[in-house]
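Peer 1: Take this structure first; my questions come after.
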Amino acid sequence: MPGTGSVEPSPGSELRIRRYTGLADYLSIWQAMKDFTASRTENTPDEIWLLQHPPVYTQGIAGKPEHLLHNNGIIVIRTDRGGQITYHGPGQIVAYLLLDMRRLKLGVRELVRRMEGAVVDLLRDYHIGAEGRVDAPGVYVNGAKIAALGLKIKNGHCYHGLALNVDMDLRPFAAINPCGYSGLQVTQTRDLGVVDGWEKLSGELADKLKIRLLTI
């Protein structure tokens, strides 16, 4: 897999955290997720990959071309996750979840709920009220989207995951209908008064995900 990343020790846990440095090419990571999922066995530990991508739009399998409002030169990649179009870029925490859902005894709806819950838990620690929405998966603060979700499920295993806006250039979101919703506003932790950056928040998000996935 590209760069493989560094795996953080997780004593007593079947959920490993893999952290990538620098900016990880989207196509390379996507292929690595597919390869990991195709080769895993019933004994393969689950993993969370933490990384940042260079600027890229990704279009989900339900994506409609009209949700790209204008071409600003940023590459658009049609991918195999659920959902519509979103933007990834530097300063955003991307957490890819490579999980055996049968082993975790999780259905798709429950997994999405727990992913959203992990982000809500993290933001609560910074005194930010956030919530998920039944009609539009993701996490929102006062109606503005701060985290997007999208998954691919294959043979009881999932990959892709979530993206949390931390300290990034939000202007590329103006060229799309984020996740297919016209006029949807986006926000990020920096604009909500959080001074902690990507390194600290990504570790805290991984901890919240582990709690939600393994103990709740």
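Quick reminder: no glycine exception, Cβ is built from N, Cα and C everywhere.
TrEMBL lists Cys179 with the feature active site, acyl-thioester intermediate. The substrate binding site annotation in TrEMBL covers Arg81, Gly82, Gly83, Gln84, Ile85, Thr86, Tyr87, His88, Ala148, Leu149, Gly150, Gly161, Leu162, Ala163. The domain 'BPL/LPL catalytic' annotation in TrEMBL covers 42-216. If you look up TrEMBL, you'll see Lys145 marked as site 'Lowers pKa of active site Cys'.
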Peer 1: How far apart, in angstrom, are the most distant Cα atoms among the substrate-binding residues Arg81, Gly82, Gly83, Gln84, Ile85, Thr86, Tyr87, His88, Ala148, Leu149, Gly150, Gly161, Leu162, Ala163?
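Peer 2: The substrate-binding residues span at most 16 Å between Cα atoms.
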Peer 1: CB neighbours of Ile85 (substrate binding site) within 10 A?
Peer 2: 25
Peer 1: Determine the Cβ neighbour count for Gly150 (substrate binding site): the number of other Cβ atoms within 10 Å of its Cβ.
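Peer 2: 23, counting other Cβ atoms within 10 Å of Gly150 (substrate binding site).
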Peer 1: From the recorded positions Arg81, Lys145, Leu162, pick the residue whose C-alpha lies nearest to the C-alpha of the residue listed as 'active site, acyl-thioester intermediate'.
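Peer 2: Of the recorded positions Arg81, Lys145, Leu162, Lys145 has its Cα closest to that of the residue listed as 'active site, acyl-thioester intermediate'.
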Peer 1: Between the Cα atoms of Arg81 (substrate binding site) and Lys145 (site 'Lowers pKa of active site Cys'), find the distance and write it as a whole number of Å.
Peer 2: 19
